[in-house]
Amino acid sequence: MMRGAWALFEVIVRGQYGLSYLTERYKKNIDSRWEIPATLVLLVLLEWMIVGVYQGAYHLLSLEDHPGKVFSILVLGAILWVFFSSVAHMMRQLYFTNDIEWVSGLPLSSSEVLGARMAGVWLGQILVLIVLWLPGLILYGMQLHKGVGFYILVADLMLSLPFFPLVISGWFVLVVVRIVPWGKYRQQIERLLSLLFPLFSFIMIMSINGFMMNAGASGSFTWITKLLDVPNTFASYFYPLHWAFGIGSNGVTAWVNALLFDSFSLCMMVVFLLLGAPLYQRGLQMFRNSSGSQRYTRKKGKQGLRSRSLFRLMLKREYHLLMDTPFFVAQTLVQLIGLPLFIAISFIRGGGIEENEPISVMFQMVILWGSVILCLLMGGMNSILRTISREGRFFYLSKVLPVPYKVQIAAKYTFSMMIMMFACLLVSVIQGILISDWILASWTLVLGILTGSLFSQLGILHDLWRPNLTWQSPKELAKQLGLGNLLFMILSLFLGGTLIFLSWILLKFGKLSFIEIQGIWTLLLIGLHVWTGKGVIAIANRRYQTIQG
């Protein structure tokens, strides 16, 4: 019995974290003391922003007038979040793990393995709910002066709420595995999975922004009424949601609803484990057979090589270096989604902005500060991609290819800038929608492209000087480069703060117009960009000879 219990624990840990709890985590003597304080600082900042979002939302939704409906919106939002974010997570834990053969040798039945995998996903979703939803529920209780019983029910809800959406997404994953030809489309599906969560996050952020802007307009409060009625619409199609929404009520009714919802959720999970285990086993067997027969074909062969220039071939190579690794794709997309989030938070905290509000000098400087910081963050973000370190132990191929080093560096820089330009365009468009000032948004686009180019070149220089080519997994690379990336972000923030301070001085004491200040910084960044670009090419020609790949 103890052996089976330990095996279940090992499956949960491996499935959730992708490593063995004993043999891999603690045998690697990695000095990661800096991670704990850095993570705590980032978590505190994140929670502060999240609380501000809830304060602005409760103000717009008139919490004291509609307490039950606001609680229902919180619960429904959590359920939808768990469902959409768990599809890709569950697909990876059930089928895309590297320990399938190891798990098959354990003394566990199919239902036990499936349950352990689901437990790992469940724990991960609980952590997300604690970070994103628990502050809102606590603030809800504080503003309505709820008693201790409410917080006990909230703690119970954090544990039981993921069951229902996980069961739905679990059935979806099990069915999809049986009908998708994995041997032919596995790589494409892995890339698509990396897109699901960032795409859902982007849609959610844009929906919130759109709601805030519509609700903030004078006399336009019909959106609030419609939003408050959304939970009842969902509950009319699925009655158990009434029990989840009723946990926010008062007295014995809340406890009865909690008991009913917990019982229903547990029953759904038990039925899923019993009926889904055979389906999971057959899908796993089909997945093994198809994944072993993958072949990479080149239909055009040498004809394609002749028809394309060396630069285009190197650009395509950079594309595959990033896109063929789902972890790199997810890392990049999450950061791209995080940038608009910084914009949204500043407006949601204040409950939106009034239409036709005059932009004063100080308000203009606040927007400028946010624009500069965002653009510099985009530049710092590019350092995480690490174009040379991303090649790892296959860097020797870059040295033996009959392609000039400056062409390879140009391809790395161009591909990085393609990502950066998309991020800059996304941020500037959202900024223009939020503040209705497309001149400022256009300057944000220009500044973002220039600073992105500058930081892209600095990142390549840093990678040429100290490349990391010994990593065994993408997660290991991200961890080893974590401190350097954090320092790069701090440098970006410092430069952004310096730039906004100097802009404020020029605007207030230099008697310069806002357009003139924009022109000064644009010309300065263009000059730095040209200077660093020449330095990158010169250093690359020397360093490519000395780097040991």
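Using N, Cα and C of the backbone, Cβ positions are placed for all residues, glycine too.
The structure displayed is predicted, hence computed values, not measured ones.
According to TrEMBL, the features are:
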TRANSMEM  36-58  transmembrane segment
TRANSMEM  70-88  transmembrane segment
TRANSMEM  119-142  transmembrane segment
TRANSMEM  148-180  transmembrane segment
TRANSMEM  192-212  transmembrane segment
TRANSMEM  258-280  transmembrane segment
TRANSMEM  321-349  transmembrane segment
TRANSMEM  361-385  transmembrane segment
TRANSMEM  415-434  transmembrane segment
TRANSMEM  440-465  transmembrane segment
TRANSMEM  486-507  transmembrane segment
TRANSMEM  519-540  transmembrane segment
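Counting Cβ pairs under 8 Å to the transmembrane segment (36-58), the top-ranked stretch among 70-88, 119-142, 148-180, 258-280 is 119-142.
Listed as Cβ neighbours of the transmembrane segment (519-540) (distance under 8 Å, sequence separation of 6 or more from its ends, same chain) are residues 405-406, 408-409, 413, 443, 446-447, 450-451, 453-454, 457-458, 460-461, 464-465, 499, 503, 506, 512.
Beyond the transmembrane segment (148-180), the same-chain residues lying 6 or more positions past its ends with a Cβ under 8 Å from any Cβ of the stretch are 75, 78-80, 82-83, 86-87, 90-91, 94-95, 118, 121-122, 125-126, 129-130, 133-134, 137-138, 141, 189, 240, 244, 247-248, 254-255, 258, 261-262, 264-266, 268-269, 272, 276, 279-280, 282-283, 286-287.
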